[in-house]
Every structure is written in structure tokens, then in C-alpha cells.
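Chemist: First the structure, then my questions, so here it is.
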Amino acid sequence: MTNSKEDADIEEKHMYNEPVTTLFHDVEASQTHHRRGSIPLKDEKSKELYPLRSFPTRVNGEDTFSMEDGIGDEDEGEVQNAEVKRELKQRHIGMIALGGTIGTGLFIGLSTPLTNAGPVGALISYLFMGSLAYSVTQSLGEMATFIPVTSSFTVFSQRFLSPAFGAANGYMYWFSWAITFALELSVVGQVIQFWTYKVPLAAWISIFWVIITIMNLFPVKYYGEFEFWVASIKVLAIIGFLIYCFCMVCGAGVTGPVGFRYWRNPGAWGPGIISKDKNEGRFLGWVSSLINAAFTFQGTELVGITAGEAANPRKSVPRAIKKVVFRILTFYIGSLLFIGLLVPYNDPKLTQSTSYVSTSPFIIAIENSGTKVLPHIFNAVILTTIISAANSNIYVGSRILFGLSKNKLAPKFLSRTTKGGVPYIAVFVTAAFGALAYMETSTGGDKVFEWLLNITGVAGFFAWLFISISHIRFMQALKYRGISRDELPFKAKLMPGLAYYAATFMTIIIIIQGFTAFAPKFNGVSFAAAYISIFLFLAVWILFQCIFRCRFIWKIGDVDIDSDRRDIEAIVWEDHEPKTFWDKFWNVVA
């Protein structure tokens, strides 16, 4: 493990019931107890496979390895209830990932890339980002099925890179979802204003803040069911929209056959941004649409977050990953293609400020085709989508905090759970950030809120970057141990090439995402808003690097690919094959 005598002494004390202090947990090794599932360590070589972070102890003269990270009850010898429940089925996992990605970024966010890059430029951007999303989910799938833990990829950053990287990645990712929750709350009222202005925006924020927080206190199986049905509504709405658009393009609307009319006039490429030179401006417009696409695709990694609460994760997670990414690509690319055919990039409605929903290219496409009732129906779909997204925000944020706490990177109380396996304190801490939504109702508060949103977007880029880097280290660790990737429950395709591909381009995107701050002249405020998240990440990393005083990156022999995995391998899962018509139907759909 470590070479110095001092580190060896620390390891020996840790292995044999000496008090051990970690960042947020003061743990005595004597507090861990032998329980079902503990693994006897018969020889010195086996001990070396388990790093210090896993709290081994001696019981009845034998070394045992506790899977509960030292959280135990001293009096009764039983582990305290500090675990989530594995109650998510495959159909839940697939729809949670779909629901987390298909949100306001699709229904409303497509207006910006369409305006700046035109229909073809935006289409190319989303295809390119789709390839990165595929690469990242393949990497995550291989790791999350081998070690299916809650808050998976933040845990992988800690185990495969270093505790400091794990903490920085985890806290930034959690902050991202907590702030996004506030965004969704602020948008709910604006969507309802499509119908009425009689109720103040602050009232809608308060109502949905309370409702969504309470929803996240129910056991995860209820969350899974809610997300399944809401995501089903979104999927059906998009499929219906694609069929509707196909009919409109072929001439069913008031405009007659549209075909590729708008690709000829005003054109397939947008006017561009910043530069007066036409070609240069169009290229910069395409780059801006690429960054917008990167923001929009964030959420495809949610399959990994659910791995710790998935029933039979070795089968359900790979199945979900194989289906989800292609469905997301189909919905995004298909929607963007038809929107580009029905809405010209210079349509003034794309940039109007009368209401938040009025800029949705979906609603504009319906209005341009002359269908009067559908805009109201689709606005209801958007409202449902936002409520679903806000629900996912708290779920993901709370599980990230739970994972940080379980891995000694956050206070111990954040890993407390209800009898139903809900980390309720982590839920309340994440939900508390919903108060920031009220900033949208105050003078000047919206500017501060915009800053916070910039931080959240780049935090998602860091998550994708570290998923790819962690997977590279994971593959190196497997090779070092002599484990063939062919033996894994799920083997990612085209690796390690795709992992390097995703890591390279995510690094480039993180660097260039604030390029508009430099042109046509440097803007200090815009620069700070775009890049403050990078400095925050570095600050958190430096803080935890100083606290842990660890290596910049683990030696390959110290990479932990064993903790939590052995418990899963000891379980015999029932594989429920679909038998009824509806079971088979949902198996295909979800």
C-alpha cells in the first residue's frame, strides 16, 4: 500500500482496533461488529486488497472486513440504519435517466442553438455531444455494474483517483443539482403564467417547494413509480410531437407542405455571433450551440446514481444503459430535425421575452402550423416535465450527499436514513437550496441567480470528465490485478479509446465554454460567471488535498475495486422475466 514506516504504522493501528480519525467521522475500530456478509481475511495478501478506508477489525481472533464503513450500534452489535434500499426496477432506472435528461433543456433550450447556429449547425452539435454522452455512459456502465454503489461516479473518483478529487467532484456535482432545483422551482410559476398571472410567482415557488420536498421523503420505490409514469408522459408527448411534425411537414398544416423550405430561406446555417465576418461568425455560433448541447445532455449519467438502489444492478443497469442513450439521441435529434423544418432560425418568437414558455420551439412549431389547442396541452406537458426534473434534482443531490458521508467526505449525520431507506437529512439539506428561487422575484437577484446557474452547468462537465478519467484508471487497475474485462457484468464498447475521446473533448469544452467573455471585447463580469466554477473546483480540491495530505493520485496498486462489490456478489438475485403482455410492453418501452 504505502512505502513509509509512518504510513505502515498507521495501517497496522487501523487493522487492529486502534482509534482512527477521519475528516468527518471519529471512528474506533472496536465499534465495527461482525455481521452477516463480513468477509474473513485469511492471509496477508488478502488484507492488502482492502484499503484503509474500509474499517477492518478483529472478531473472535479473526480479521473481518465490515461493509458498513464503521457506522454501528455499540450496544446491540447491529448496524444502524444507514443504508438505502434496493427497490428500483429496470423500468424505473431507464425512465429516471430519460426523465432527468428530457426536461427544459429540450422543450425550451433548443431555441438558442437554433437561433445562433441554424437547423443544420444545431443538428451537428447535438450529434457530436450525443457521441460524448454515449462514451460517458459506456464508461459509467462498466464501473457501476461492477461496483453498484449510491453516488457511484463521485465514489469512483475517490477510489480510483484520490479522496481530494472525489470530494471536489462530489461537492460540485451536488451543488449543481441543488441550484438546478431552485431553477426548476422558479420556472414552474413562469410556465403557469402561460395561462394566468393572478397567482404571484413566489406563491407557486412555495407550493411546489413543499410538495416536491415531501415527495422525496417517501421510499425510493414510490419515487421510481412517480418518475416512471411522468417520464412516460414525456416520452409519449415527444413521440406524438414527432408524428404531428411529420404530418405538418408533409402539408397537413395551414402553411401547406413545408418540406425543407426554411433550409433554403433563411437558410440551413444561422447568422452566427460576435464576428462581423460571416464564416467566422457562423463557426462561433456553432461553437456556442455545441456548449448549449453539452448543458442539455447533462443527466444521462443518472443511471449511475441509481445503481446503489437498483434491484439486481448487474442486469438492470446494463440493460438501462444500452437502451437509454439511444432513446435520448432519438428524441433530441428527431425533435431538433423537425423543429428545424417547421421553425426558421430568424422567427422573432424564438427571442421574445413575453413569457418563459413562449420561446419554446415546440410551441412555436405548433402555433406556426395553425393548431390552436395543442399549445395548451404541450404547456401542460412542460409543466409536468419541470415538476419531474425538480423531483429528480432533490433525489440526485441527496444521494450524492449520502455517498459523500458514507465515504467520510461529509458529516456523518448526512448518511442517516429513515426505515424506508431515505437519507432524509440529505434530502432536507438539498431541498433548502430551493429558497434561492425567490431571487427570481427580487430586483437584481436574477443576476446573482444567473451566476449560480453558470456554476452548475460546468460542474456537470467536471462530472463527465471524471467519469472518463476514473474509467481509464479502473481499466488500468483491472489489468494490474490480472482481471479480464471480458469477465465483467458489462463490458463497455470501444474502450479505452472512447474514454480518452470523452475526457479530451470535455476538457476542451470546460476551457472554451466562456469564450464569449473575450469577444468582441473582454468582459470581466462574464468571465467570472463562466469560469468561477473552475476556481471553486480547484479551491475544494486544494482544501481536501491539505486535509488528507494524500498523493495527487493513488498508486495503481492502491486503487480500491473491492469495497462494496463483494456484498453484491454474495446476493442471489431473482431475475423476473416479463410474462404478461404489459410486462413485456414496459420492458420494451423502459
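Glycine too: its Cβ is placed from the backbone N, Cα and C atoms.
Note that the structure is predicted; figures quoted are calculated from it, not measured.
Quick paste of what Swiss-Prot says about this protein:
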MOD_RES   Ser54  phosphoserine
MOD_RES   Ser66  phosphoserine
TRANSMEM  93-113  transmembrane segment
TRANSMEM  117-137  transmembrane segment
TRANSMEM  172-192  transmembrane segment
TRANSMEM  199-219  transmembrane segment
TRANSMEM  235-255  transmembrane segment
TRANSMEM  283-303  transmembrane segment
TRANSMEM  324-344  transmembrane segment
TRANSMEM  377-397  transmembrane segment
TRANSMEM  420-440  transmembrane segment
TRANSMEM  449-469  transmembrane segment
TRANSMEM  498-518  transmembrane segment
TRANSMEM  524-544  transmembrane segment
Chemist: Are the transmembrane segment (93-113) and the transmembrane segment (498-518) near each other by the rule of at least 3 C-beta pairs under 8 angstroms (pairs 6 or more apart)?
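Modeler: Contact between the transmembrane segment (498-518) and the transmembrane segment (93-113): absent.
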Chemist: With a cut-off of 8 Å between Cβ atoms, can you find at least three pairs linking the transmembrane segment (172-192) to the transmembrane segment (235-255)? Only pairs 6 or more residues apart in sequence count.
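Modeler: Contact criterion not met.
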Chemist: Which residues of the same chain, at least 6 past either end of the transmembrane segment (117-137), have a Cβ under 8 Å from a Cβ in it?
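Modeler: Contacts of the transmembrane segment (117-137) (Cβ under 8 Å, skipping residues fewer than 6 from its ends): 110, 262-263, 267-272, 282, 285-286, 288-290, 292-294, 296-297, 300-301, 303, 321, 324-325, 328-329, 332-333, 336-337, 339-341, 345, 464, 467-468, 498-499, 501-502, 505-506.
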Chemist: Between 199-219, 324-344, 377-397, 420-440, 524-544, who has the most Cβ pairs under 8 Å to the transmembrane segment (93-113)?
Modeler: 377-397
Chemist: Counting Cβ pairs under 8 Å to the transmembrane segment (283-303), which of 199-219, 324-344, 377-397, 420-440 comes out on top?
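Modeler: Ranking 199-219, 324-344, 377-397, 420-440 by Cβ pairs under 8 Å to the transmembrane segment (283-303) puts 324-344 first.
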Chemist: Is the transmembrane segment (420-440) in contact with the transmembrane segment (377-397), using at least 3 Cβ pairs under 8 Å (sequence separation of 6 or more) as the test?
Modeler: yes
Chemist: Six or more residues out from either end of the transmembrane segment (199-219), which same-chain residues have a Cβ under 8 Å from its Cβ atoms?
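Modeler: For the transmembrane segment (199-219), the sequence-distant neighbours (Cβ-Cβ under 8 Å, at least 6 residues beyond its ends) are 85, 87, 185-186, 188-190, 192-193, 226, 387, 390-391, 394-395, 398, 418, 420-422, 424, 427-428, 431, 434-435, 437-438, 440-441.
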